[in-house]
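Here it is: the structure, laid out below.
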Amino acid sequence: MNDLQITGVRALQILDSRGYPTVKVWLTANDGTISVASAPSGASTGAHEAVELRDGGAEYSGRGVEKAVDNIRGEIADLLTSRSWGTLADLDQALVSLDGTPGRSRLGANAIVAVSMAAARAFAAAAGAPLHVWIGQRLGRGGRLPVPHFNVLNGGQHAANPLEFQEFMIAPAGAPSFADGLRWGSDVYHALAKRLKQQGLATGLGDEGGYAPAIARPEEALDLIVAAIEDAGYTPGRHGIAIALDPAANSFYTEGTYTVAGRAHSTDQMIHYYEKLIADYPIWSLEDPLAEEDTDGWPALTAALGNRVQVVGDDLFVTSADRVRDGINTASATAVLIKPNQAGTVSETFDTLTAAAEGGFGAMVSHRSGETDDTFVADLVVGAGCGQLKSGAPARGERVAKYNRLLEIQDENPDLPYGPTGTHLNDQ
Ligand SMILES: C=C(OP(=O)(O)O)C(=O)O
Ligand SMILES: [Mg+2]
């Protein structure tokens, strides 16, 4: 394969789906091919994830990213055009070395991840392969279309309602194909709106396109969703439409106590609470059920529930291969959420996917709550072959862009299998 020679670098501050500034990058290769990528942005971030560079301060806000853009136009462009690149791993490593900080705070994780994503596209284009095929080759995996996890009801830091749990997702595991699963999800999404209206609840949306009604108890949300699945004519459960939760427990944990709908829970009580939810509702996956700093709680929860549901670390692992290996050694979870901008580069994201697979962990690829029309995660999940994606509701342009890209991939590759392997979604 020929080396990649980058001859042009363009960067711009654009807006993400929340209307906050983010970074867009264009890389031109010497054959004239232009590869584009945009950085997403999280709101409920883990303490250890790579750090966005924001003008005037690193914490999340609507502040500008002009400095990050300037870094791409300056130092990063100089690096990228200074030599040819044999592999993405070399290019990413050079970016990480140029930054020189563990958290990517000098040049900005938003600048670096956008460049890395665009570079991955440039390598794929140079190889004449679709991005998902090129990614599959890098990871040594066969392609697979994911079960989409639609976040249909929003709370936590993604909505202004009193619901502490952040994400209530529906997963059409029993659908015969990705395209059918997408239709099933959209049917339930619309049935849920009807239910909410019937009950006098608001149908305004949270950041990821799910409804954000003024309810506080997770059970109320789950009752509404199960009813909507049935209203739409589907069967709740792993043979039909299962439920996945991302409570994002960091945000309702203080000094050893989890507060849910006005009630305080110790870690043990929280584990019992999830046990009851799992018994009462067709929940198959639990992401960030406990806070990232509750390090004794995670193995206890996984020992208690890990044979019944998938236990996913997001803020706990922040897409870091080292943290995933620790999690495997301590049996702290059974799967990892994969967000390239937490890891910092695409190559590090690949390393984390590999570490997870080597340790028998599952993986779910994920968007961020602040998104753009970039569809990188759709190709990533197919190439990774892990069979699970969350990209928000089956509505709102920045969310459906990913689902629509998967429809294209399915259409172009009708033999790709659908769904995860080796997870609880295949049980029963
Ligand atoms: C997608 C998520 O939200 P954010 O992007 O705000 O971290 C999440 O917590 O899984
Ligand atoms: Mg999460």
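Yeah, the Cβs are placed from backbone N, Cα and C, and that goes for glycine too.
What TrEMBL records for E208 is active site, proton donor. The active site, proton acceptor feature in TrEMBL is assigned to K339. Summarising the annotation, TrEMBL assigns substrate binding site to H158, E167, E287, D314, S366, H367, R368, S369, K390. The annotation (2R)-2-phosphoglycerate binding site is assigned in TrEMBL to Q166, K339, R368, S369, K390. Residues or ranges marked as Mg(2+) binding site by TrEMBL: D246, E287, D314. The domain 'Enolase N-terminal' annotation in TrEMBL covers 6-135. The domain 'Enolase C-terminal TIM barrel' feature in TrEMBL is assigned to 142-426.
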Just to be sure I understand, if DSSP states are collapsed into helix, strand and coil, how many residues of the domain 'Enolase N-terminal' (6-135) fall in each?
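Across the domain 'Enolase N-terminal' (6-135), the residues distribute as 52 helix, 26 strand, 52 coil.
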Using a 10 Å cut-off between Cα atoms, which of these recorded positions sit near D246 (Mg(2+) binding site): Q166, E208, E287, S369?
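Final answer, ordered: Q166, E287.
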Ligand 2: which of the recorded positions D246, E287, D314, K339, S366 have a Cβ closer than 6 angstroms to it?
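The qualifying recorded positions are D246, E287, D314.
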Are any of the recorded positions E208, D246, D314, R368, S369 near ligand 1, with a Cβ under 6 Å from it, and if so which?
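Only D246, D314, R368, S369 qualify.
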Give the number of CB atoms, excluding that of S366 (substrate binding site) itself, located within 10 Å of its CB.
27
CA-CA, which of the binding-site residues E287, D314, S366 lies nearest the residue listed as 'active site, proton donor'?
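Answer for the nearest of the binding-site residues: S366.
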Give the three-state DSSP assignment (helix, strand or coil) for S366 (substrate binding site).
strand
Out of the recorded positions listed (D314, K339, S369), which are within 10 Å of H158 (substrate binding site), Cα to Cα?
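Checking Cα-Cα distances against H158 (substrate binding site), the recorded positions within 10 Å turn out to be S369.
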Hey, what's the widest CA-to-CA gap across H158, E167, E287, D314, S366, H367, R368, S369, K390, the substrate contacts in the record, in Å?
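Binding-site diameter by Cα atoms for substrate: 16 Å.
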Pop the Cα-Cα gap between K339 (active site, proton acceptor) and S369 ((2R)-2-phosphoglycerate binding site) into the table, whole Å please.
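Given the Cα positions, S369 ((2R)-2-phosphoglycerate binding site) is 11 Å from K339 (active site, proton acceptor).
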Any idea what the Cα distance is from R368 (substrate binding site) over to the residue listed as 'active site, proton acceptor', rounded to a whole Å?
7
